[in-house]
Structures are given as structure tokens and as C-alpha cells.
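Q: One structure coming up, written as C-alpha cells, with questions to follow.
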Amino acid sequence: MFLSSSPSTVLAYDTVSETAHACSLTSKSNSISLKELIDSLPPILCRLKMQERKSFQDRVQVESKRGTREDPVTHLFSRLDLNEPELREYALSDPTKKYTRNLVATDHQTFTLLLICWNPNKESPIHDHPCDGCWVRVCQGKIEETRYKINEDMDSLDVTSVETYEVDSREVSYINDYIGYHKVGNPSTNSSAVTLHLYCPPFQKCKIWPDPHRASRSSKVCMCNYSEYGDSQACDKFAVNMI
């Protein structure tokens, strides 16, 4: 059951459908629904895990394809129709927070799908991903991603790239800990942003780095969701809601 939409709790999602439709890179017939994505992910992810266990070469092959056009997860995620009205039901936002994590779906074993709403000019801490990786699509507005690598000699996190991602109905960003760590934020000073995040498999804790000049001073935090399955479950236990 979803909460009813109200201006104080639900992020405006009016521009998402128009922009997603206008920016479609492939025909509508190639799109899939949210239900199709959720139903398709577990068997694909289980098959990839089985392939990884066959041999070292198979594991390297699977890992090398993650986030690329040859990755079945990336391909499937890119086909999700962001114009689907059901997604808007999860776009709950709290103006007092930097950003809000809204759980869309999970099987508690192979994946977690989150819709994250970003208030203007707010960002996450630098953090890792203790899983096979994180796939991201922009649903509304734009986000800026800064990636880092640890410099052990200087005990610092050095910037390796800064990228801006705008609404694009098929573009998928991917990162894992082999690639590096990152922080994500909304660079706009007056507009909100919405991103859809896929984590495989789910995880409950991760590392954050409050100061990039002290790489050895990381902290471990637990994640909490502002809403789950469309119902508001505001969590004030932790000061930081992690991506």
C-alpha cells in the first residue's frame, strides 16, 4: 500500500515522464516494466554467480563485463521504463534531509532497488560498495559523481574523475570497489534530483570517509530507508543515510 501523495512528503516527479520519453534511445518495444525487472533479476544474478564458481577464468570474465554493454544486468536495468507511473509512488522526500532512500524492491538475497531523492545542492559522503557493484540511472534532474582511489603513501583519497549525469532514459552508471569509491550529489542549487540505484547483492553496512585527507580514518555505518515499498518508515537512528 502506497502513501497518498502530498506536497510536503512526495518529491515532484512531473518532469520525469516527459524527459524520459523524449530521451529514449531505443524503441518503446524494448522497454520493460518494473515488475518485469524485479522478476528477471534474481535468475540472471543466480546464473552469473554459478558461472563465477566454475573457474577462475569464468569469474574474471563475469567481473570484466560488469557495467558494460555485455553485462546482462546493465542491459536489463537500462531497459526499465522510467515513464512507468508506479515509480512515482516511491519518490518520497524529506526537505530536512540531504537525500532520502526509498526501498522499491528486494529479495534480501540477490538485489536491492532504491529510489533516492536528492535535495538541491546536497551530496553523500565518500563511500564504498561491499557488493558486486552499484548501477545508477538518473530519473530527474542531474547528479554529479566524484570517484576516488586510495593513495596509501599520502593517506588520502585522490580524485580520479568527476562526471555529471543528466536525465537519460537508457544511460547506466556503474561502480564497484575495484574501480574505486565515490560520492554522489545534486549540483543544482534550486532543483531536486531523483536517481534509481541497483545493488547486487544487498548489504546493510558500508564504509564512509568524512575527510578525503585521512583515508585511514573511515567509519562503518548502517543504512536505513526513509520509506519501504511506498510506505514512509522515517529512520532517525543514524545521522547519515548512506547510498
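For all residues, glycine too, the Cβ spot is worked out from N, Cα and C.
Sharing the record's features from TrEMBL:
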BINDING   H127, H129, H182  Fe cation binding site
Q: CB neighbours of H127 (Fe cation binding site) within 10 A?
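A: Other Cβ atoms within 10 Å of H127 (Fe cation binding site): 23.
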Q: Out of H129, H182, which of the binding-site residues has the smallest number of neighbouring Cβ atoms within 10 Å?
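A: Ranked by other Cβ atoms within 10 Å, the binding-site residues H129, H182 bottom out at H129.
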